[in-house]
Amino acid sequence: MAGAVSHHALASTQSYRWSAQSSRFGKRTGNVRWVREGSRCYGGRKLGFVCTSGSQQSSVVEPFQLPSDGNSDHTPKKSSESALILIRHGESLWNEKNLFTGCVDVPLTPKGVEEAIEAGKRICNIPIDMIYTSSLIRAQMTAMLAMMQHRRKKIPIIMHNESEQAHRWSQIYSEETKKQSIPVITAWQLNERMYGELQGLNKQETADRFGNEQVHEWRRSYDIPPPNGESLEMCAERAVAYFKDQIVPQLVAGKHVMVAAHGNSLRSIIMHLDKLTSQEVISLELSTGIPMLYIFKEGKFIRRGSPVGPSEASVYAYTRTLSKYRQKLDSMVS
Ligand SMILES: O=C(O)[C@H](O)COP(=O)(O)O
């Protein structure tokens, strides 16, 4: 294995996990509320902290620098609120085998399929106009399976823009059918961080060989890459840039967006949204198949946590747009 990488002591590392659970014992780190769920963890052992959902746990993120590309569609509408759902793919066949996966294109396990379906139930009342996924099948499967649960019953359709011909050949010629569809944009920039020479290795065997601290550093440090792979910082350079350039303008235009991607590409985006430091992000863990909701309003991102269920009051009580959308769905089925 090339590229020996030095390791620091990570003794003070705590772990945090996005979760739908709540707790009464909380502490604030910057503008993020972290809630202690159970025992402290370290280096791949038990992860025992949660970052909860719910109105008390919302945080307001500083306004973004909006892209000034002269496109009037991107002018923030004062009254508009857009939903942003971030979801890590469900369990993959290599998650199950505990192998470093990175950019290897591995499908979901039956459990991963279930997780995606469950995630879909949790967000089935939240409006979604556009979907962004990585170019990897586990994220695309997750998005499609989740959308099958959505009450609006729009059909997600992958847009093929890789060539002029692919674009032309995948056109839909009915306005009515288009209205019943949701465009799915695939982007390599949202792919998992490239794990270099760790891809395909067993995580436990790698820790046994190189030590827990070294492997934890490769997996969680901000700026230390695994051998010949991407650090989180390098992953952020493409994933956060794509988020700002392509996804934020859609939110600004009032579109509700779901992003189905990966542990580390989403960690880099959440680090950006929640303004986590490079120390804080070490402890951010994302579970497979857990949707996370942000509201974009007047140029700010408001973190709403993870909807526990389709009817969770706190998700809808807070925003007029979401509660109206839900009422509309209710009236459509009654
Ligand atoms: O690429 C992988 O192996 C996983 O998707 C993420 O792995 P990590 O938890 O080691 O970053």
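Count begins at 1; order follows the chain as displayed.
Including glycine, each Cβ sits where the backbone N, Cα and C put it.
What TrEMBL records for 61-80 is region 'Disordered'. Marked as compositional bias 'Basic and acidic residues' by TrEMBL: 71-80. What TrEMBL lists as substrate binding site is 88-95, 101-102, R138, 192-195, K203, 219-220, 263-264. Residues or ranges marked as active site, proton donor/acceptor by TrEMBL: H89, E192. Residues or ranges marked as site 'Transition state stabilizer' by TrEMBL: H262.
Sequence features, as recorded in TrEMBL, placed on the structure.
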residue	record	DSSP class
R88	substrate binding site	strand
W94	substrate binding site	helix
G102	substrate binding site	coil
E192	active site, proton donor/acceptor	coil
K203	substrate binding site	helix
H262	site 'Transition state stabilizer'	coil
Under 8 Å by Cβ from H89 (active site, proton donor/acceptor), counting only residues of that chain that are 6 or more apart: L108, G112, A116, L136, R138, A139, M141, T142, A260, A261, H262, T288, G289
Whole-number Å value for how far E192 (active site, proton donor/acceptor) lies from R88 (substrate binding site) (Cα to Cα): 10
Between K203 (substrate binding site) and E192 (active site, proton donor/acceptor), the C-alpha gap once rounded to whole angstrom: 16
For G102 (substrate binding site), nearby residues of its own chain (Cβ under 8 Å, 6 or more apart in sequence): E192, R193, M194, Y195, G196, L198, Q199, G229
Lowest local Cβ density (other Cβ within 10 Å) among recorded positions: R88, R193, K203, H262: K203
Those recorded positions in R88, E91, G102, E192, R193, G263 whose CB falls under 6 A of ligand 1, listed in sequence order: G102, E192, G263
Entry from the recorded positions list E91, E192 having the most other CB atoms no farther than 10 A: E192
Neighbour count (Cβ, 10 Å) for W94 (substrate binding site): 20
Cβ packing number for G263 (substrate binding site), 10 Å threshold: 18
